[in-house]
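This report concerns only the one structure given below.
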């Protein structure tokens with residue numbers, strides 16, 4: 001659940017650091033500067049105004065990378081700590097970023113501990129990516145069963161579809177519990193020490209764990225504390241009728257009419273769930289168009305498929321300045337003002353309101369003042385290698401920050417990738433993560449995925465740097481597998497440099513788009529050019545041929561190198 005991607009390019013590094021950009025979801029925060037970010041396929045925003053007071057003590061992130069069971073005896077013992085430290089590596093936060101870093105550290109032979117003050121798995125596993133996918137799986141089935149036209153096209157007849165709300169909620173909760181247990185067991189099996197309690201940095205290489213006086217030392221420390229839902233001023237959350245995504249994932253009710261404040265990834269995914277279960281949805285969006293964070297062409301198509309035919313209406317160009325929960329028999333009240341003129345616009349009366357206005361970094365009470373680190377809008381400042389920067393602009397030795405807490409790219413898998421990059425560095429091998437190669441996805445029906453730049457971003461970059469930008473497109477309507485599924489609605493878009501074949505961005509809207517994007521993201525990560533990837537062979541008939549046709553349709557002036565280094569006779 002996410003929105004617009006903008007990237008800033010560091011003057012000190014040739015790699016691109018994703019700063020953020022996402023829709024200014026619909027609310028009004030006076031004298032506040034939004035910093036837009038992405039998280040777990042969902043973009044997030046944070047604001048200066050009132051941010052510190054709104055943060056609750058939670059750690060965040062999601063599990064990643066299945067780890068090989070073939071670990072040597074030395075690694076199973078979690079390595080040997082240096083004599084002067086309790087651990088080689090201490091990670092504060094056991095979400096997906098911390099988990100990914102811990103597993104990679106064990107692989108590198110580092111004695112590792114992870115500190116968790118809430119529950120293992122962080123936001124993604126417990127209150128984000130994982131339970132939301134369980135709800136979206138249900139919404140996908142419901143859409144199929146309720147679509148008479150779709151079923152008749154297959155020759156199928158199904159009686160009226162229904163659902164048990166508690167059963168759906170249990171499915172989401174059970175999945176989160178299962179993944180959380182899997183993460184915990186994987187770390188324990190590899191010898192990672194799990195220390196329960198909030199981690200507070202006391203000084204260089206020193207952390208206090210919990211309310212006791214237990215002090216742990218480590219050669220290197222990673223901050224991986226994640227984020228929490230951001231609720232703007234003027235919005236009163238009661239957890240029942242005015243809710244955040246944390247509450248919505250419990251599915252304690254399915255309101256007849258729900259307003260969703262923000263039309264980014266979070267809002268879109270929940271609109272998919274609620275409308276499939278019978279709710280009417282009203283979007284409230286501050287910008288003049290819905291889904292402002294997506295590539296404009298993809299956004300236009302997605303609105304035609306995901307919004308217009310469904311029981312959804314919307315208000316754009318407005319802020320929700322005040323939201324009052326339902327009480328004493330009165331509905332939820334939402335006061336709207338014009339985003340530009342600030343004049344009163346309307347008052348909505350709905351059964352419930354979901355605040356999908358993004359995420360705020362959870363970095364309070366970490367003891368950052370003990371090492372002279374000042375956060376920026378709550379985010380821990382880091383360089384391109386995730387090394388923490390102090391108030392004087394100097395690197396803090398042996399201290400790193402990954403994931404939502406640093407604000408580079410608020411995605412669970414980005415946190416894991418950053419954690420792995422840090423472990424590579426502390427193990428003696430320099431590593432700089434290319435954030436332009438990290439994909440994102442919105443798990444609506446059909447799905448949306450992206451990697452790299454949007455077309456406007458690419459053209460702006462090309463104009464500044466003096467290169468031409470071209471675009472190639474393919475339709476799902478030409479794909480055999482998509483047609484066999486009666487899911488021909490979809491588009492894949494490639495943005496590239498025709499002079500050298502560099503892939504600048506790929507955007508997909510269609511069946512299983514979230515799975516298809518990785519061929520493109522891996523190509524960007526590995527530096528593979530279009531003239532080389534054209535030689536890749538795809539099984540037929542598969543959806544992967546959408547990407548095959550996309551790359552083959554690109555017109556590149558540069559010639560490809562030999563597709564294989566040596567011909568092999570079979």
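Note: Cβ is positioned from N, Cα and C throughout, glycine not excepted.
Residues or ranges marked as domain 'FAD/NAD(P)-binding' in TrEMBL: 87-419. Mean per-residue pLDDT, taken over the domain 'FAD/NAD(P)-binding' (87-419), amounts to 95.
What TrEMBL lists as disulfide bond is 124-129.
The FAD binding site annotation in TrEMBL covers 133, 199, 225, 226, 227, 404, 410, 411, 412, 413.
Note on residue 268 (NAD(+) binding site): other Cβ atoms within 10 Å of its Cβ, all shown chains, come to 28. Per TrEMBL, NAD(+) binding site is recorded for 262, 263, 264, 265, 266, 267, 268, 269, 285, 358.
Sequence annotations record features per position, and here TrEMBL assigns domain 'Pyridine nucleotide-disulphide oxidoreductase dimerisation' to 438-549.
Under the heading active site, proton acceptor, TrEMBL lists 540.
Put simply, residue 133 (FAD binding site) is 28 Å from residue 540 (active site, proton acceptor) when counted between their Cα atoms. Checked against residue 268 (NAD(+) binding site) by C-alpha proximity, the binding-site residues 133, 225, 410, 412 yield 133 as the nearest.
Ranked by Cβ neighbours within 10 A across all protein chains shown, the binding-site residues 225, 227 are led by 225.
In terms of C-alpha distance, the listed recorded positions 124, 129, 262, 264, 285 place 124 closest to residue 227 (FAD binding site). If you count neighbouring Cβ atoms within 10 Å for each of the binding-site residues 262, 264, the highest count belongs to 264. Look at the Cβ of each of the recorded positions 133, 540 and count the other Cβ atoms within 10 Å; the largest number goes with 133.
In this structure, the C-alpha atom of residue 264 (NAD(+) binding site) lies 17 angstrom from that of residue 412 (FAD binding site).
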